[in-house]
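Here is the structure we will look at, set down as structure tokens.
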Ligand code: AMP
Ligand code: MG
């Protein structure tokens, strides 16, 4: 299959994307979080193609994207009160809400669960494509399963060229990590995945919000994941990533003492000059938003530009949007952390 490159700034290309999606095809679309691989969420056969293109495990459910709050009602059994408050505060935006699903959501989308995840993205091109298609769109991140999520159209093509009908290029993503996922099917509501809407922002609206243990820690053997996506190795470059939890001076000394060929560093902006190994920077030390925006591109560059075999990464501070950065990087590292205190 030849993958068309479409331009999000051209109305005729938005219309073409909508046409492909209505016809049952796959289009990668820009959103404010990461690029999504979209298909008609109401048609199980179309949705199955997403799993094939990504190599995604069948038991990992998808997020359904809508272009207005009113489009949530048909997808769910009933709209929880909490969803109304969260939507008023943070939709459109990088927040996904899980609640009991209605019968029109096919089992391929929910991976057989009785719940559905719904998001109203703020990216104008994402909204325009959903409107042009005239249907809700199921869209996981548009990467091959296990690889870092794509934050540019070029990243999407690295993974999906020849496998999908089209990529709609809308430039780099503003948030850079996937949406915050909260389940409202639990009491109290529970954060399943941190993202651009922070825990403090959720608590400001809802009061009590629990944090699923899988946000910070690996699942114990045999433990069931509340969010099936949490149990898979994720966001990983080919290189072996190791997080070094230490103040900068100790990190620098450790890296410089372990500078064998094939070693590289993933550090904060401005730190690379002090390191004796090739380095990729991702945002300033206390600029969590920049870290989120740049992390996935940095992980890809460690492979593509440096061909790194071992990567020593600075440990993100799990605060605000930094919690999402920590959650992604700890998975990219397979939970391998060296603590130097
Ligand atoms: P992605 O679209 O690639 O960002 O992945 C979607 C994430 O949302 C995965 O971690 C899924 O496991 C999670 N998710 C989607 N639907 C549900 C659901 N009904 N219940 C729990 N987690 C879900
Ligand atoms: Mg994903």
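Glycine residues also receive a Cβ, built from the backbone N, Cα and C atoms like all the rest.
Whatever TrEMBL says is automated annotation, not expert-curated.
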TrEMBL L-threonine site partner of 33, 119, 139, 179, selected from 65, 155: 65
Fewest-neighbour residue among binding-site residues, criterion Cβ within 10 Å, set 56, 65, 119: 56
Intrachain C-beta neighbours of residue 139 (L-threonine binding site), sequence separation six or more, cut-off 8 angstroms: 29, 31, 36, 37, 38, 39, 50, 62, 63, 65
Candidates 60, 115, 141, 149: member of the binding-site residues with the richest Cβ shell (10 Å): 141
Binding-site residues close to ligand 2 - of 56, 65, 115, 119, 139, 235, only those whose C-beta is under 6 Å away: none
Cα-Cα distance maximum in Å, computed over every pair in 56, 60, 115, 141, 149, 193, 235 that the record assigns to ATP: 25
